[in-house]
Amino acid sequence: MGDHVTEIVVFTVLFLLVSGIGFFAARWRAPNDMGHLDEWGLGGRSFGGWITWFLVGGDLYTAYTFVAVPALLFGAGAAGFFAVPYTIIIYPLVFLVLVRLWSVSHRHGFVTPADFVRSRFQSPTLALLIAITGIVATMPYIALQLVGIEAVLKTMGVTGDSAIARHLPIIIAFAILAAYTYQSGLRAPALIAFVKDTLIYIVILVAIIYLPYKLGGWGSIFDAAQKKFDGTPNPNDGIVLTAANQWQYITLALGSALALFLYPHSITGVLASKNRDVIKRNMSALPAYSLLLGLIALLGFMAIAAGVKPLPGAKAGSTDSNTVVPLLFDLHFPSWFAGVAFAAIGIGALVPAAIMSIAAANLFTRNIYKEYLKRDATPAQEASVSKITSLVVKVGAVACIVFLDPQFSIDLQLIGGVIILQTLPAVALGIYTRWFHRGGLIAGWFAGMALGFWMLYQIPNAATGRAHFGGSAFPLEKFAFIDSKTTVYVGLVAVAVNLAVAALVTLALRAGKVPDGGDDTNPDDYFADEGDPRVSVPAQATSTDPDLDPAPSPKV
Amino acid sequence: MSDPEVRAEAAPAVARAKDKSPWNWLLFLPIVVPLLTPLFNHDSPRVGGFPMFYWLQLLFIVLGVTTTTVVYQMTKKRR
């Protein structure tokens, strides 16, 4: 590690600085009482425009994005650019759907999407399915953040021989993260996100001006990429899409956008906003990140033009393409600036990991602990259960990385995206319509899950030589009745079947007069805003004066 | 922009339920256009070295920002 000392020092200093901020965050914006789930898990539902911008942005653009999307362009070309349309279409979708979810959650004190489903369909069973789906889909997502840090550490030469020595830096980093998340809750990632994004913006601005200048301009970067793809045996790579992967591009962009805002951690970021205007305004400001993402993605082509060779992977003979961006920085930046860039990626992993573990912990607390284990839990008990669960979730994520092949976490995340999409009919459509029968939604969930898993199981990965779970591009010819080379995104097909089954079973149950649950929400709950006189106060159900107490946080 | 004091003073519930707006339909534009691959799946014309596939999709970000901003401004609560 000799020649990386400067990088390691800069990285460590910035990392420790951010950890200090994480601990300080508990006192930031003077919470009334940190021992309440609304305070710890949703920052008191009080975040304004700027904080929400950084929080939601920090949530959606993770270390893995910064590392994996360019790696995808490096390996597959144009197909990897799907991340750009994906992050364009998500904001209008959120504008249409999550604003209403915010209103109904604010009115009823919901903390998780499963809380909403439970009230909307009066079905604890459906809520339990939604909660489990959310937790299972989030865990590997957290593990992936570690893959991002690991790519950086590997590039700096911080590796060891035994499994424990190799992962020690990550274990330490996560122990610190766990400690300040435990103490400060959602306030920690919200505050750290400011630092993270500032660093990332600086690094990217420098990278997109300085690197093309060094590599002979954008034109020659794209030409170098085209030349590389022309020389590969894969017919589906190139700097534009081929006939066979256009549908994959479209369905993956749409499916990923739908999945992203169903993830519990995205919803947590939105629910923490203080009013509807904050969310709406943010949906027009957040695409600034999409521009960033598009430019980061192109680092993959810069790495091709710069002749970067990825470091070896965990198995002999394999390569770890996640290292291409860190290697590009290492090769072309002065070492102190490479250190800053690595810290940006590393810290970029901590913010979403913290939000995700909080979201998973809230799901466990509200929809499993309170629902099935301790009905009369007080808000303070809820908060302490959530705090402990968030620790357990992080230990689980670290275990995934230490004891499993990181490739396995990537596969799990692939599955995670497909399964979280199966909550779309109950959560996203549920916000607009109460037409579905709760039994229909449950049946649809099972059908979508089963089909999704079957399809993923059918997909081999040529690059790693694995026979199953090798990607999310399903060749339509595997359905015996279709003759086509076209591939599509598994998640979108599975959720379409989920919807069809939900609709058919709903009709059947209605015809059979099977009792459906009621609906605890009112139509105008979906438009409630900050200061609404009917907002329920979580601690004691007294009405508050909206002028004196705009954010209904408990004073007990 | 954040002004907690100027919040609408406990208007009756019925008045609040006026959120539906024809402007919301405009939001389908940035949802649909970025998915029309035949529109942008070309190398030429290049702009500043960027093939069309890349510069046009980056331009769609501006389309997204513009439409959400317009819809936000038109549907924002009147104070």
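Using N, Cα and C of the backbone, Cβ positions are placed for all residues, glycine too.
Any TrEMBL annotation is an automated prediction that lacks curation.
Feature annotations, reproduced from TrEMBL:
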| type | residues | note |
| --- | --- | --- |
| TRANSMEM | A:6-26 | transmembrane segment |
| TRANSMEM | A:47-67 | transmembrane segment |
| TRANSMEM | A:73-99 | transmembrane segment |
| TRANSMEM | A:126-144 | transmembrane segment |
| TRANSMEM | A:164-182 | transmembrane segment |
| TRANSMEM | A:194-213 | transmembrane segment |
| TRANSMEM | A:286-308 | transmembrane segment |
| TRANSMEM | A:336-364 | transmembrane segment |
| TRANSMEM | A:385-404 | transmembrane segment |
| TRANSMEM | A:410-432 | transmembrane segment |
| TRANSMEM | A:439-457 | transmembrane segment |
| TRANSMEM | A:488-509 | transmembrane segment |
| REGION | A:516-556 | region 'Disordered' |
| COMPBIAS | A:517-530 | compositional bias 'Acidic residues' |
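Between the transmembrane segment (A:439-457) and the listed ranges A:194-213, A:286-308, A:336-364, A:385-404, A:488-509, the one holding the most Cβ pairs under 8 Å is A:488-509. Through the fold, the transmembrane segment (A:194-213) approaches residues 14, 17-18, 21, 54, 57-58, 66, 221, 292, 295-296, 298-299, 302, 306, 328-329, 332-333, 337, 340-341, 343-344, 347-348, 350-351 of its own chain, all at least 6 residues removed from its boundaries and within a Cβ separation under 8 Å. Only sequence-distant pairs (6 or more apart) were considered; of these, at least three Cβ pairs between the transmembrane segment (A:164-182) and the transmembrane segment (A:6-26) are under 8 A, so the stretches are in contact. With a cut-off of 8 Å between Cβ atoms, the residues of this chain six or more beyond the compositional bias 'Acidic residues' (A:517-530) that come close are 100, 103-104, 106-108, 119-123, 274-277, 431, 434, 438, 550-551. Counted over residue pairs separated by six or more positions, the transmembrane segment (A:47-67) shares at least 3 Cβ pairs under 8 angstroms with the transmembrane segment (A:286-308), which defines the two as touching. For the transmembrane segment (A:6-26), the partner stretch with the most Cβ pairs below 8 Å, chosen from A:73-99, A:126-144, A:336-364, A:385-404, A:410-432, is A:336-364. Annotation: stretch A:73-99 has the most Cβ pairs under 8 Å to the transmembrane segment (A:410-432), among A:73-99, A:286-308, A:336-364. Long-range contacts of the transmembrane segment (A:286-308) within the same chain, counting only residues at least 6 positions beyond its ends with a Cβ under 8 Å from a Cβ of the stretch, are 53, 56-57, 60-61, 65-66, 69-75, 80-81, 83-84, 87-88, 91, 200-201, 204, 207-208, 211-212, 215-216, 220-222, 224-225, 228, 239, 324-325, 327-328, 331-332. Outside the transmembrane segment (A:336-364), and at least 6 residues removed from its termini, the chain residues within Cβ reach (under 8 Å) are 6-11, 14-15, 18, 22, 37, 40-41, 55, 58-59, 61-64, 66-67, 111-112, 114, 131, 134-135, 138-139, 141-142, 145-146, 148-149, 151-152, 155-156, 173-174, 177-178, 181, 185-186, 188-189, 192-193, 195-196, 199-200, 202-203, 206-207, 263-265, 267-269, 325-326, 329-330, 385-387, 389-390, 393-394, 397. In terms of DSSP secondary structure, the compositional bias 'Acidic residues' (A:517-530) contains 5 helix, 0 strand, 9 coil.
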